[in-house]
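Database features, via TrEMBL:
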type: TRANSMEM; residues: 31-49; note: transmembrane segment
type: TRANSMEM; residues: 61-85; note: transmembrane segment
type: TRANSMEM; residues: 105-126; note: transmembrane segment
type: TRANSMEM; residues: 138-158; note: transmembrane segment
type: TRANSMEM; residues: 178-200; note: transmembrane segment
type: TRANSMEM; residues: 221-241; note: transmembrane segment
type: TRANSMEM; residues: 261-279; note: transmembrane segment
Amino acid sequence: MIVTATLSTHNLSASQDLSAQHDLIRIGCEFLFFGIHATLFIISTYLLLSKGIRLVRARILLLSLTTIMFLASLGVIIIDMMICLQQIQGYGPGPFNNLTLSSKLIMASNVLMRVNFLLGDVIVVWRTWVVWPHNIMFRLLLAACMLGTIGAIIGNGAKSALDSVRGTEASNVYSLVMTLPPLITNLTATLLIAFQSLGIQKRNQIQMSSAKSTTRIEKTLILLVESGFIYCAVWLLILVAGFDVMKPSHHNSNIRCCSPAWTGLYPTFIVIMVSVDKIPRKHHL
């Protein structure tokens, strides 16, 4: 009744009505994936705290990273809701228009989104880094990928901020700068874990006496590989959405708005796997 009266009073056009529906769907999708992210965050936090957060610095670091990512995802949702409210206010008989506030909100959302992208890659690279403790070549490759991701995200963020201040529309090509390096980084990390998993399988065939102790490790690495490839597929979807090629067009914005929560799921899942000791002894926290 209230919604009907409001729409009747404001006399929404067909395009405005459709835009409001898309906003509601987008916010709903954001809350759905944020809820999953929140559940994983609560589990990972409980596991880290139950093991004694003060005993190992790595646990403090992981807890800090997952907390920042969780808060960043929450911040993106809050900002998106504020932007939607501004748009709805603009549908009234006396249009409300505050471009300065909208610009600041969009800029803040972009910063939080990039924070999640960057910290998520830090956790993924760290997980692969400790799986290869004695391979300098692989570690250099991971370091190069991580540096490329850092440079791309910071550079793209600076360009996005300048475009927002100047009021210019950014080219879709610039989204490739932000999404391609993380995709390459995650794909590289997943392939290196897959390579380690194959190595363990070969050693199992030779050392059958230790099969029981290595089977659990092998299954865990396979799970990380499978989930890692799914995460890479998510990044590929985010990359495609950056070019606004999907039809209808609102699907592109839905994917971009859900990306902060998406990119927080797999890194938090990794922390859970680490916390339940499903890793080799020499790689323990």
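FYI, residue positions are counted from 1 along the chain as it appears here.
Placed from the backbone N, Cα and C atoms, the Cβ positions cover glycine too.
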Most Cβ pairs under 8 Å with the transmembrane segment (31-49), selected from 61-85, 138-158, 221-241, 261-279: 261-279
Remote residues contacting the transmembrane segment (105-126) - C-beta distance under 8 A, at least 6 residues beyond either end: 62, 65-66, 68-69, 72-73, 75-76, 79-80, 82-83, 86, 142, 145-146, 149-150, 153-154, 156-157, 160-161, 164, 178, 182, 185-186, 189, 228, 231, 259-260, 263-264, 266-267, 270-271
Considering the transmembrane segment (61-85), which listed stretch of 138-158, 221-241, 261-279 counts the most C-beta pairs under 8 Å: 261-279
In contact by Cβ distance (the transmembrane segment (138-158), the transmembrane segment (221-241); 3 or more pairs under 8 Å): no
